[in-house]
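Asks: In case it's useful when we look at the structure, here is the feature table from Swiss-Prot:
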type: BINDING; residues: His82, Asp143, Asp200; note: Zn(2+) 1 binding site
type: ACT_SITE; residues: Asp84; note: active site
type: BINDING; residues: Asp143, Glu178, His382; note: Zn(2+) 2 binding site
type: ACT_SITE; residues: Glu177; note: active site, proton acceptor
Amino acid sequence: MAYDLLLERFLRYAKINTRSDENATRTPTTQSQVDFALNILKPELEELGLSNIHYLESNGYLVATLPANDDRLTRKIGFISHMDTADFNAEGVSPQVIESYDGGIIPLGTSGYNLDPADFPNLQNYIGQTLITTDGTTLLGADDKSGIAEIMTALAHLKANPEIKHCEIRVGFGPDEEIGIGADKFDVDDFDVDFAYTVDGGPLGELQYETFSAAAAELIFHGRNVHPGTAKGQMVNALQLAIDFHNQLPAEDRPELTDGYQGFNHLQTMTGTVEEANSSYIIRDFETESFENRKATFQEIADKMNQAYGQTRVDLVIKDQYYNMRQVIEKDMMPVELAKEVMEDLGIVPVIEPIRGGTDGSKISFMGIPTPNIFAGGENMHGRYEFVSLQTMEKAVDVILGIVSKP
C-alpha cells in the first residue's frame, strides 16, 4: 500500500552524506554518521513516541523500542539497517524522481550518464513505477537509506493505527556496514530480541539467510634490487614474486568468472617496487571445507615459494572476517519461514538466494541473534547507476508490518 512520507523520508535521508571511512580508527568512522543518528533519526523516533531510545557511543548504534500492544503476541523482533553508504561520492546527492517510468533511457541529470535498459535490463521490471535515481555524479544511498526509511515508515504507520496489533519491536540503526566492521561491537544484550532482520537486501522478494564466509589475505613480497644491467643471478624482483604468486592461484576462481554458490579469490590491490611489493586479497566461499581449503592454498603457495628461495621472500597474514550465517539460522528456520509466509500472504514471490557478500546479520547471528536479510529495494548499488522503486519500498514496509503482526 502507499504510505505517507515514505518518499519524503527517503529523499531527505539520501541527501545526507554518511559515507564511511575504511582508514579511520574511530567508531563510527565518520562524524556524519553520528550526526545523522543524533540530529535526524533520534528526534524522529522521539516524535513517534518510541521508548528506551538511546545512542550507544561504544558501537555507534541508535536503538529504540516500540512495545507490544497485544499480550498474545509475545515475540520480540528486531529490524536493523545501516546508516553509512559505500565507497563512492556521496557529497551533494541530488535524487531524481521518475514517475510512471516508461521503459526508456533515463538521463542522469546533466552528467552525460544514462540508465539505459540495454545496459541494465532490470529496468524493464519497473515499467509504470516511480523510480528514484541519481543525477549521475554520486551514488543514491538506497543501500541502506531505503531500509531506514522503510523501518521508520512502518513504525509511524503502527503508531498512527493502534488497532493494528503487533509484538514488541526493537530497531537498530548502525554504522560502517559497508566497510565490514559495523557489527563488530554490536551489543546483543542491549538489543534483547528473539531474532531480527536486516532490511538491507535488493529487489522485491529477496529473503536471504546465507552469506559468504570471508577472509582477507595480506602479502608482503621481499625482493633484492640491483642494477638491471648486472642483475643476472642477483636481482629478485618483488613485483615478479607477486605476479608469480597470483598465477599459482586457480585462474577460474575469480569474481568475474563465478556466481551462485561458487566462491572466489579476489586480488584487490597490488603495489610495490623491485625491493618490496604488497598484494591484498579477499577470500570468499559458502562451504566451510572449501573456505578452509582456499586459505590453505594461499599458505601452501607462500611456503613453496619461500622454500624455493631458501629464505622468506613471502610473508602472508590471513584474517577471518565473518562466516556464513546459515550455520546459525538453519538450526531454527522460523524467522525465515515467518518472512516467507508474510511475503506469500502479500502476493510477493520470495526469492531465496545466497548473498554473494555479507551483512551485519552475518556477525550478529553468530553473536546469538539469528538475523536473516529482507529486501529494501535498491538496484545497481554502490555507484552512479543506483536506483530504487518506490513501489518496492512500499512492499518492504508491508512485509515489516506483516512480520510484527503475525500471530
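Using N, Cα and C of the backbone, Cβ positions are placed for all residues, glycine too.
Describe the structural context of each listed feature in the structure shown, including burial, neighbouring residues and relevant distances.
Replies: Less than 8 angstroms from the CB of Asp143 (Zn(2+) 1 binding site) sit Thr85, Ala86, Glu178, Asp200, Ala376, Gly378, Met381, His382, Glu386, each of them six or more residues away in the same chain.
Under a cutoff of 8 A between CB atoms, and with a sequence separation of 6+ in the same chain, the neighbours of Asp84 (active site) are Thr18, Arg19, Ser20, Pro28, Thr29, Thr30, Gln33, Pro175, Asp176, Glu177, Glu178, Ile179, Gly182.
Asp143 (Zn(2+) 1 binding site) carries a helical DSSP state (H, G or I).
According to DSSP, Glu177 (active site, proton acceptor) sits within a helical segment.
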Asks: State the count of C-beta atoms found within 10 angstroms of the C-beta of His382 (Zn(2+) 2 binding site), not counting that atom itself.
Replies: 17
Asks: Give the sequence-ordered set of same-chain residues, not counting His82, Asp143, Asp200, with Cβ within 8 Å of the centre of the Cβ atoms defining the Zn(2+) 1 site.
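Replies: Once His82, Asp143, Asp200 are set aside, the remaining close residues are Ser81, Asp144, Gly147, Glu177, Glu178, Thr198, Val199, Thr359, Ala376.
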Asks: Considering the recorded positions His82, Glu177, Glu178, Asp200, which residue's Cβ sits among the greatest number of other Cβ atoms within 10 Å?
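Replies: Of the recorded positions His82, Glu177, Glu178, Asp200, the highest Cβ count within 10 Å belongs to His82.
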